[in-house]
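*Asks:* Below is the structure I would like to discuss, written out as structure tokens.
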Amino acid sequence: MRPSKGDTDERTAEDVATHPPRHRHDRAPEHRGRRRHRDRGRRPGELDDTDPPRWPCHRGGGMLNPMVSARHPLSRPDGSPIRALVVDDEVNLGELLRMAMTNEGWDARAATNGRDALEVIREFEPDLLVLDVMMPGIDGVELLTRVRASGNDVPVLFLTAKDAVEDRIAGIAAGGDDYVTKPFNLEEVVLRLRGMARRHVAAAVEADSLLRVGDLSLDEDAYEVQRAGVDIKLTAKEFELLRYLMQNSRRVISKTQILDTVWGYDFGGSSGVVEIYISYLRRKIDARGEPLIHTVRGVGYTIKPS
């Protein structure tokens, strides 16, 4: 006997999540067979005509494709882009790093000396610093000493041509978080910066566990959701989905991003589960006031006051 339309919502979500279709959803078509045919019988690093163009790293090994940004750019707790500043008196190197960070979806700037960098730090308030140790005038270590003295705990990656143990110790002692010697692999530096940014954002979110969008609030520590002061009961998955939307308030989040973050990269079910849970949230949240969850047709979802 077929269930009535009103009885299908909760079970539909379970069916979709626990009984995936024979074919995986299309959340990441770029992964399908990307290397299966291309890498068979090839030596590491060997290219052929099917390989996309890649970007050579400055002074040394390492390749990066500037046309391919991170699949899911990290953002600050308010949804704005990560802010990064690179300080290096080698203009070309500074610009290369700035472009690589911009390619990550970040708001990146560059300075060529310590004095200018201090001014940019005060105005720009970066979430990440990349500092060259050897600079005329105010060098990287002195610059970081001044930054730390002001109470700023921004994560710092040092770049230097010095690889002696005492130099690394000096950089870490000044408050640096990581240390890379020149020449370096650009992809490695970007990966390290990405990890630093992720930890910085996580710490910022943990420090402020209360998320607000209009009259809607979500307390991560108390595991409570309220709208206009009225408690709203959510399931665990609904809570995770709402938290992700609110952490990215005013940004449009695709189904792929939601699946990867809320359900996990290995989820094998249909992307339709996202639509189902969005409908659950709308019934519980938007029914209590002006709509907050919006569909951007063909792109994804966003949460913001109308």
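Positions of Cβ are set from backbone N, Cα and C atoms, glycine also.
Note that TrEMBL annotation is computational and uncurated.
Residues or ranges marked as compositional bias 'Basic and acidic residues' in TrEMBL: 1-17. Look at TrEMBL and you will find 1-76 tagged as region 'Disordered'. Feature annotation from TrEMBL assigns compositional bias 'Basic residues' to 20-41. Per TrEMBL, domain 'Response regulatory' is recorded for 83-197. TrEMBL lists ASP132 with the feature 4-aspartylphosphate. Summarising the annotation, TrEMBL assigns DNA-binding region to 208-305. Sequence annotations record features per position, and here TrEMBL assigns domain 'OmpR/PhoB-type' to 208-305.
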*Asks:* Near ASP132 (4-aspartylphosphate), which residues of its chain come within a Cβ-Cβ distance under 8 Å, counting only those 6 or more away in sequence?
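*Replies:* Counting only residues 6 or more apart in sequence, the Cβ neighbours of ASP132 (4-aspartylphosphate) under 8 Å are VAL87, ASP88, ASP89, GLU90, LEU93, GLY140, PHE158, LEU159, THR160.
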*Asks:* What is the number of residues in the domain 'Response regulatory' (83-197) that are helix, strand and coil, as DSSP sees it?
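*Replies:* Looking at the domain 'Response regulatory' (83-197) with DSSP, the answer is 55 helix, 24 strand, 36 coil.
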*Asks:* Per DSSP, how many helix, strand and coil residues does the domain 'OmpR/PhoB-type' (208-305) have?
*Replies:* 38 helix, 23 strand, 37 coil
